[in-house]
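Look at Swiss-Prot and you will find Asn107, Asn138, Asn188, Asn294, Asn357, Asn428, Asn449, Asn463 tagged as N-linked glycosylation site, backed by sequence analysis. The signal peptide feature in Swiss-Prot is assigned to 1-23.
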Amino acid sequence: MVSPRPVGLMLLLIIARVSRGAGIGFRFASYIDNYMVLQKEPSGAVIWGFGTAGATVTVTLCQGQETIMKKVTSVKGPSNTWMVVLDPMKPGGPFEVMAQQTLETTNLTLRVHDVLFGDVWLCSGQSNMQMTVLQIFNASKELSDTAAYQSVRIFSVSLTQAEEELADLDGVDLSWSKPTAGNLGHGNFTYMSAVCWLFGRYLYDTLQYPIGLVSSSWGGTPIEVWSSRRALKACGVPNTRDERVLQPEIKPMRNGCESKESSCPFRRFVPCDPVAGPATHSVLWNAMIHPLQNMTLKGVVWYQGENNANYNRDLYACMFPALIAGWRQTFHSGCQGQTERFFPFGFVQLSSYLLMNSSDYGFPEIRWHQTADFGSVPNPKMPNTFMAVAMDLCDRDSPFGSIHPRDKQTVAYRLHLGARAVAYGEKNLTFQGPLPKKIELLARNELLNLTYDQEIQVQRKDNKTFEISCCSDHQCKWLPAPVNTFSTQTLILDLSACLGTVDAVRYAWTTWPCEYKQCAVYHTSSVLPAPPFTARITHRGI
């Protein structure tokens with residue numbers, strides 16, 4: 001015979017399990033939490049989660065004792081999800097969001113507090129986006145400078161991968177938080193992106209309203225892992241989702257120098273054993289981007305490309321615009337049209353990488369392909385985009401390898417200039433360096449005339465930065481073309497080294513184009529470098 005006490009205890013345990021199960025069944029999506037930032041007007045923010053199929057869900061937005069709005073929906077099967085779109089809100093806060101599920105006589109309530117409305121930016125890419133504030137120049141000062149930016153909120157996605165597209169995140173490294181020295185400087189390549197944080201901080205300085213920053217990055221990853229299968233198929237990328245394509249990560253290695261003093265002329269950095277960053281196609285799109293599709297966004301900033309220097313490099317000019325188009329379509333559809341169809345997409349053009357040999361490791365080509373082979377953005381294949389040139393921000397002494405330069409402040413500053421111009425429509429703002437608008441061969445004088453679209457400052461004249469393609473007997477080779485003279489918007493190259501026909505010209509076509517902020521051509525403010533370019537010569541003077 002069973003005694004009454006154990007039976008009663010078992011019954012209580014069963015009731016407890018049922019109660020907890022019912023509570024767990026009704027929840028917000030993983031990224032809806034205290035301290036979050038929701039997208040402000042003119043878009044409506046999406047609030048969604050999971051519940052019991054057939055139940056009614058009422059979402060209430062409150063400020064203090066005042067009810068701002070209520071939205072009612074139901075839980076849809078078989079996904080067991082519910083979703084509402086809030087009316088567009090002006091920037092500000094704080095607010096409380098309450099969701100109540102009603103099924104027959106049972107009510108369950110969820111609350112999140114200290115919610116702000118502002119602009120939400122998603123930051124993604126590989127290790128240069130993943131680097132934290134702890135790893136950059138002036139880290140101590142940057143980490144102590146958070147008190148004035150409590151309306152810039154941060155969120156970080158866990159490093160997870162999936163074979164199929166997930167509806168919700170499988171893990172969160174850092175829930176929505178106010179910035180602190182602890183969560184910004186948690187460790188190396190963990191928690192919060194330095195570029196993302198600094199970009200948001202610069203935006204806040206300009207806009208003076210809340211900014212939400214979502215970091216979803218993983219070092220040592222090619223673009224294929226961040227792309228949907230549909231996007232890759234559109235570019236003819238072989239489907240290798242069942243294979244692991246090993247990618248080299250970069251680490252520093254001494255080359256006959258016993259110290260880090262400047263007397264050491266150089267160090268070389270060589271690929272080491274592959275790191276944990278996945279290379280199976282689409283697995284990070286599935287696990288770290290697709291689950292965010294219902295989040296209403298202002299835009300995206302991206303820093304990636306190093307791992308494609310020797311992997312599907314020639315397809316990058318197709319894959320990158322396809323990734324942008326795919327993300328835009330998914331986020332627009334996922335939040336019922338609240339995220340703009342062609343939302344602003346900013347990116348960092350690859351920085352420098354110190355090599356011992358003459359090989360360029362594919363960096364010049366990737367920089368070019370990052371612009372869909374146009375040399376600048378926005379362009380017809382990449383509308384509503386902006387780019388931060390970073391090839392002049394080299395860092396030969398970086399403890400993380402020269403491929404990981406520590407000046408992320410300048411990167412973020414240049415990115416925010418692009419955002420102000422492209423995403424926010426600020427007029428009369430110079431946000432990119434000089435671009436050649438006319439290239440003319442002056443045959444009689446053996447000179448090449450480059451006319452730029454803005455005033456230029458030539459910071460150095462050498463015989464390496466500009467090169468010409470010299471053709472003779474059906475063979476062409478690149479030769480140096482020293483700067484002869486220059487004026488406010490014009491630069492003239494000496495072609496005397498070419499005894500044949502000059503067919504093309506290129507600028508800064510190397511992995512390490514210059515020393516820190518010492519490339520040849522800048523805007524007159526000295527803040528924005530001219531991007532690298534290559535061009536055929538079609539105008540020939542007399």
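Glycine too: its Cβ is placed from the backbone N, Cα and C atoms.
Annotated features, which come from Swiss-Prot, shown on the structure.
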residue: Asn107; record: N-linked glycosylation site; Cβ contacts under 8 Å, 6 or more apart: Gln100, Gln101
residue: Asn138; record: N-linked glycosylation site; Cβ contacts under 8 Å, 6 or more apart: Gln409
residue: Asn188; record: N-linked glycosylation site; Cβ contacts under 8 Å, 6 or more apart: Met131, Thr132, Leu134, Gln135, Phe400
residue: Asn294; record: N-linked glycosylation site; Cβ contacts under 8 Å, 6 or more apart: Ala29, Val46, Trp48, Met83, Gly334, Cys335
residue: Asn428; record: N-linked glycosylation site; Cβ contacts under 8 Å, 6 or more apart: none
residue: Asn463; record: N-linked glycosylation site; Cβ contacts under 8 Å, 6 or more apart: Pro480, Ala481, Pro482
Count of other CB atoms lying within 10 Å of the CB belonging to Asn449 (N-linked glycosylation site): 18
